[in-house]
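Participant: After the structure tokens below, expect a handful of questions from me.
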Amino acid sequence: MPRSASTARPDTSQPPTTEEPFPVFTVSTILPGFLYLGPELTEEEHVQELKKLGVTRILNIAEECDDNLGLHLREKFEKYIRIPMRDTVEEDNITRGVREVCEYLDDARLHSAPTYVHCKAGKSRSVTAVMAYLIHANHWTLSRAYTFVVERRKGISPNIGFVSELMTFEEQELGTKSMGVIKSAASTPAEHDVEADAGGGGGMGMNGNYGVAVANRRQGPQRESLPPAFMGPNGDIPHLMSADGVARVGDSGQEMEIKDSSGRYRHARRAPVDENTLQPLRRVSKAGLESSVYS
């Protein structure tokens, strides 16, 4: 007796995925007139919907999707590009894939060619590709790119492996330490210290306070000791205290660390001071010097 859909055992031959097998065809506008995001095209009506939006290029990110449903997408659109990726945490093709995506979308933007980016369900792989492009093209942080996309397409769920790679991609593009995806301001301060809050299926999950960072990412370097003390000419340690109760450490006119009233250190640049009076020197502009000569 064949098992029914409700009693059949799950198929374990395929790796877990965050995308639905038969998603509703919903197109999301990411950048009006240029960038659109959604699931795989499976019917002629889907083609016509994209045509009405002015789409001329298709970018397929799913390994299991191809123009094999009789729609002849390669003939109906100016370009049909396939960058195959699997929706699994173990996918090792992500970095190279998103680089190719950025190159392709740069070219599409250069030629004013509206492009539709899709995977199977429009939730994970295509979302990852679009966020990578926003980081690349606009020099945005991953958190800002994620916020931008989630405001335009609900229910997205890029898997943890993709988000980790996007953090690395962000660091390469911006040259700064990635903070992952920061929770919304509505979350409590304690929640901002939580770096992993994964949703089901290995995805990031969606709720009122969207977003998570990725587990097992190390925090930035923490101060373990005080900065070296500034020594005076006689070996003594001067204690310069401003009127606002801020102790200053460092040489005049140079980058230094400032210890505020709460005991925390921050970087600042101290104005040059008169060595006799310890008063800040007057700053004179070039225009001021020239005017004094002819006065």
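Each Cβ is built from the backbone N, Cα and C atoms, and glycine gets one as well.
This is the feature table in TrEMBL:
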REGION    1-21  region 'Disordered'
COMPBIAS  1-14  compositional bias 'Polar residues'
DOMAIN    26-175  domain 'Tyrosine-protein phosphatase'
DOMAIN    92-156  domain 'Tyrosine specific protein phosphatases'
REGION    255-295  region 'Disordered'
Participant: Across the whole of the domain 'Tyrosine-protein phosphatase' (26-175), what does the mean pLDDT come to? Round it, please.
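Facilitator: Here the predicted model's pLDDT, averaged over the domain 'Tyrosine-protein phosphatase' (26-175), is 93.
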Participant: Per DSSP, what is the residue count of the domain 'Tyrosine specific protein phosphatases' (92-156) in each of helix, strand and coil?
Facilitator: 40 helix, 4 strand, 21 coil
